[in-house]
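Step one of this worksheet: look at the structure below.
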Amino acid sequence: MAVYRAALGASLAAARLLPLGRCSPSPAPRSTLSGAAMEPAPRWLAGLRFDNRALRALPVEAPPPGPEGAPSAPRPVPGACFTRVQPTPLRQPRLVALSEPALALLGLGAPPAREAEAEAALFFSGNALLPGAEPAAHCYCGHQFGQFAGQLGDGAAMYLGEVCTATGERWELQLKGAGPTPFSRQADGRKVLRSSIREFLCSEAMFHLGVPTTRAGACVTSESTVVRDVFYDGNPKYEQCTVVLRVASTFIRFGSFEIFKSADEHTGRAGPSVGRNDIRVQLLDYVISSFYPEIQAAHASDSVQRNAAFFREVTRRTARMVAEWQCVGFCHGVLNTDNMSILGLTIDYGPFGFLDRYDPDHVCNASDNTGRYAYSKQPEVCRWNLRKLAEALQPELPLELGEAILAEEFDAEFQRHYLQKMRRKLGLVQVELEEDGALVSKLLETMHLTGADFTNTFYLLSSFPVELESPGLAEFLARLMEQCASLEELRLAFRPQMDPRQLSMMLMLAQSNPQLFALMGTRAGIARELERVEQQSRLEQLSAAELQSRNQGHWADWLQAYRARLDKDLEGAGDAAAWQAEHVRVMHANNPKYVLRNYIAQNAIEAAERGDFSEVRRVLKLLETPYHCEAGAATDAEATEADGADGRQRSYSSKPPLWAAELCVTUSS
C-alpha cells in the first residue's frame, strides 16, 4: 500500500508540472475494445492527441477479474476516483448532428466529406476507440432532492480521455450513453434519442447564450433499442440508443468530494471511501493545481488558505452561473449535488426547460413533485449545494471557515451579477442606481400578473419608444399585449391537476390528522392545487376584454416607471444619439430572440425519430445565433415550423403553440 500511495504521489507531482490548459502529450498505444483484434484507423479524427492526466493523478480501480461483462457489474467502488470500463457497441450507429464550434475546441475543422460523418458515428458512439483513449467511469455521490443517496457515479457516461490541442488547451471528452458501468445500478447505461437530442442542443444553446456550460460535440443514434417508461405511467416503449459526445475542462462535480461521507443520519447511506482523507487531499490537489493554478501558486505553502480561496472561487462562479440562468429563464430541473460542476458550469441536461409564460414557481421537471427545483428556488438550492460541498471538504477546509465564506460571498455575488445583467437587458448603460433592483422586481411582477412571455417580452423592450409622445407607443403596446397570455392559455395553464374528490379527501385529512398529512409530504402539492382551483375560478368570471384592459393597466404603470429611469440614464450621456445607439445595441446583445423551448426540441425529436435529422441540424444552427443581428431576416424566414395539418407556419421566435403546454419532461427525459 505504501508503494501504491508513493506511486500516486509521484504521478500527481508530474501532473502538477503541466499548468492549466497546457499539454505535453506523449505517444499512446492504440486503445482496443475488449475482443477486438484491431481498431479502425481514424482519418478526420487522426489529429486528436490524448494526455489523460486525471487517470495519472487520481486513484483508478482496476476492474476485478471475472467473466466478460464483470468490469461493468454494479458494485461499490471504494478507494478510487475512477474505474476502467469499456463502451458497449451499438448496432449501425448513425450521426444525428455535429457541433462544429464545439469540435473546433479540439482543433477539428469541419468534416471534409460524408465519409467523416461515418467516422464520427463510429468513434463518437464508442464502437471504436481513438488512439490514446482510456475509457473510465468516475465515482461520485450526491444529495438527490435533499437526501444523501450514497454512491452514484457515471452510470451512463464514460471518460474517454483528455485531448491536448496545438494551442496548449486541454479538453476532457465523455461519451454519454455508451453502456453499463459499475455505477449503472439496475439501469443499462444507455440514453435514448429524445433525451440525447435535448442535451446536445441545450449544451450548445447555453454556450451561445453566454451561460457557463459543458459542451456537446456530436450526437450519434443507432438501431439498438432499450425500453423506457417515459412518464412512469406503465406505458413503456422501445427507443433508439443514442450517445452524446460531451466536452469540458473537467466533469468533476460537488458530488466527487462526497465519496468520503460517513453514514447519513437520515438515509443511513455512506460514500464508498469513508475515512480516505488521503484521497480527498489528492482530489483537492488535482482540482486546484489543474483548474485553479493561480490559487495554487498564491497559496502553495498554506493548504488551508489555498482550500479556502478555492471554495471562495467555486462559490462565486456558482453564484454567477445561476444568476445567468435566472436572466435567460433557464430551469435546470435536477439540481442535485452530483449535477453541480466544480468549475461553475451548467452540467447534466435532463428535464430542463426555458420559461415561456413567466412564472417564478415554474417547475420544469414533472418528477419534482414538491417543487424543490422551481425556477425561483434555483439560487437558494445552489447555495444549499455549496453548503454540502463545504461539509464534504472538511477537515481540509474547516467547516466554520467554509460556512463563513458562503455567507459572505454567495448572495452578494449573485445579486451583483444578476442586477448587472438585468441592467443590460433593460438597456441601462450610463448610470447604476439603487432603485434598479425595485424596477426589475416590478417588471417581473408585471410579467407574472399578465402571463407575459419571458424571452419575447425582454426582446421586445428594445423597441420601446423612448420619446414621451412617440407615435409608435400604441403599436408597441399592441405588440406587448400579444406576448401576454390569452384567457385560453391561462385556463389551460391553471387547470386542476387533481380529481376534486381526491383533493377534498386530502383537505379532510389535513384537518383530522395533520401529523399523518405532514408525513405524506404532499403539503406543497396541495397548496399548489388549491391555488390552481382558485385561479381557475377567477378566470371563469373574466372576459377576454377585461383581461386585455387589466393587462394594459399593469403594463402602462411599469412602462411609465421604465421611461422615467431611461430619462435618468439619458441625462448622464453627452450625446443622445450615441446613447440611443448604445442602449439598443446592449439590449440586442443581452436579450435573445431564440431559446430552446420545449416545443422546438420536441419538433426536432419527432422528426429524428422518423429518421429525418435535418430539423435537429437546423435548430442547432438557429441556436448558434440567438441574439439579434442585422442579417436576421433570412434567418427568421427559415426559423419556422409547420403548425398543424393546415401547414400554417409559426416562427420559432413566437410564443409557443397551445399544444406545447401539454409537453411533459421527467428525469427519464
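Using the three backbone atoms N, Cα and C, a Cβ is placed for every residue, glycine included.
Computed from a predicted structure; not experimentally measured.
Looking at the stretches 256-276, 529-549, 634-654, the one that Swiss-Prot records under the feature region 'Disordered' is 634-654.
In Swiss-Prot, the ATP site is described by G153, G155, K176, D188, G189, R246, R253, and among D51, D348, D356 the residue recorded at this site is D348.
Note on proximity: of the recorded positions G153, G155, K176, R246, D338, the one nearest S653 (phosphoserine) is R246, by Cα distance. Considering other CB atoms within 10 Å as the measure, the emptiest surroundings among the recorded positions D188, D338, D348 are those of D188. Distance between Cα atoms for R246 (ATP binding site) and N339 (Mg(2+) binding site): 14 Å, as a whole number. For the binding-site residues listed here (G153, G155, G189), the lowest count of other CB atoms within 10 A around the CB belongs to G155. Within 10 Å of D338 (active site, proton acceptor), counting CA to CA, the binding-site residues G153, K176, D188, G189, R253, D348 contribute G153, R253, D348.
Less than 8 angstroms from the CB of N339 (Mg(2+) binding site) sit G142, R253, G255, H332, I347, D348, each of them six or more residues away in the same chain.
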